[in-house]
Amino acid sequence: MKIGVIMGGISTEREVSLNSGREVIKYLELLEHEIIPIIIDKKEDVMEKAKGIDFAFLALHGKFGEDGTVQSVLQTLDIPYSGCGPLTSAICMDKDMTKKILKYANINTADWVNVSSVENIDYEAIEKIGYPVFVKPNSGGSSVATNLVKDKEGIKEAVELALKYDKEVMIENYTKGEEITCCMLNGKMLPVLAIRPHAEFFDYTAKYADGGSDEVVIELEENLHKKVEEMALACWKELKCEVYVRVDMIVKDGIPYVLELNTLPGMTKNSLFPKSANAVGISFAELLNSIVKYSLEVER
């Protein structure tokens with residue numbers, strides 16, 4: 001099978017995507033497929049460079065990658081691809097829409113408000129949410145332009161920074177607890193990982209630098225594990241996920257809260273999904289093979 005590994009892109013997460021793509025290529029080649037690296041520098045590259053491939057493995061992150069646009073182009077070209085479809089990808093990229101659906105489905109998530117300009121910051125609403133808060137681009141990833149703000153004085157500057165990366169900004173209550181991630185493969189949860197960043201929170205450096213954080217497989221207490229698994233599965237169903245996603249949560253006082261869903265989780269050597277799969281004996285090559293197999297089974 002001729003597999004095109006699509007990477008690069010036009011988002012702020014381009015470098016992360018290129019790293020993911022290189023790792024994916026290295027291990028897909030072990031499976032004896034014909035691998036074609038497809039580096040995207042501008043949107044129209046997808047139409048041109050994807051011609052003639054049998055399958056697209058998406059190693060993209062951020063806008064024009066995780067937001068459903070590339071998925072829509074590939075469906076138009078009748079090229080099967082890895083991961084979730086356009087609708088789920090678009091919703092999960094929009095943190096505000098994701099949280100609205102979670103709230104409607106009675107899935108725990110931290111309180112938040114969204115703003116689209118410095119002028120419409122509602123300081124009273126933020127006070128109700130309670131400080132400290134995270135200020136971040138509504139559709140960003142990899143914690144780019146994400147800041148932990150401890151009082152009213154820091155809000156304006158943090159919003160201005162986030163608005164450089166997106167037209168909308170999320171201001172979300174900081175729920176202090178243990179950060180965990182649940183990797184879902186074909187609707188089943190792999191072992192849970194605890195994320196223990198060496199910084200104050202799991203920022204860009206903690207995510208991608210060697211030694212930026214400790215990520216360890218943990219065995220949760222039985223009742224908590226059941227709650228976490230039920231919540232991860234509820235996210236999968238409510239947001240109509242397919243093939244694989246990563247559900248990030250915070251556990252506070254024994255109660256899990258969903259932070260966000262990643263529809264194209266990172267695939268670098270430091271990435272969480274391969275670590276979780278490895279804990280049940282699934283090698284990186286086997287994981288990639290499963291993603292290809294399950295993706296081909298999805299009716300688009």
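Glycine residues also receive a Cβ, built from the backbone N, Cα and C atoms like all the rest.
Not measured: the values here are computed from a predicted model.
Sequence annotations record features per position, and here Swiss-Prot assigns domain 'ATP-grasp' to 99-293.
For 126-181, the entry in Swiss-Prot reads ATP binding site. Annotation note: L161 (ATP binding site) sits in a helical segment as assigned by DSSP.
Per Swiss-Prot, Mg(2+) 1 binding site is recorded for D248, E260. Other Cβ atoms within 10 Å of the Cβ of E260 (Mg(2+) 1 binding site), summed over all protein chains shown, number 20.
According to Swiss-Prot, the feature Mg(2+) 2 binding site maps to E260, N262, an assignment based on sequence analysis. The Cβ of N262 (Mg(2+) 2 binding site) has 22 neighbouring Cβ atoms from other residues within 10 Å, across all protein chains displayed. When secondary structure is read from DSSP and collapsed to three states, N262 (Mg(2+) 2 binding site) falls in the strand class.
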Mapped onto three states, the DSSP assignment of G140 (ATP binding site) reads coil
Measure from the CA atom of T175 (ATP binding site) to the CA atom of N262 (Mg(2+) 2 binding site) and give the result in Å, rounded to a whole number.
-> 19
Sequence-ordered list of residues in the chain of G154 (ATP binding site) that lie 6 or more positions away and have a Cβ within less than 8 Å of its Cβ, or none, is N147
For T175 (ATP binding site), which residues in the same chain are close in space, meaning a Cβ under 8 Å from its Cβ, but six or more apart along the sequence?
-> A110, I250, K252, Y257
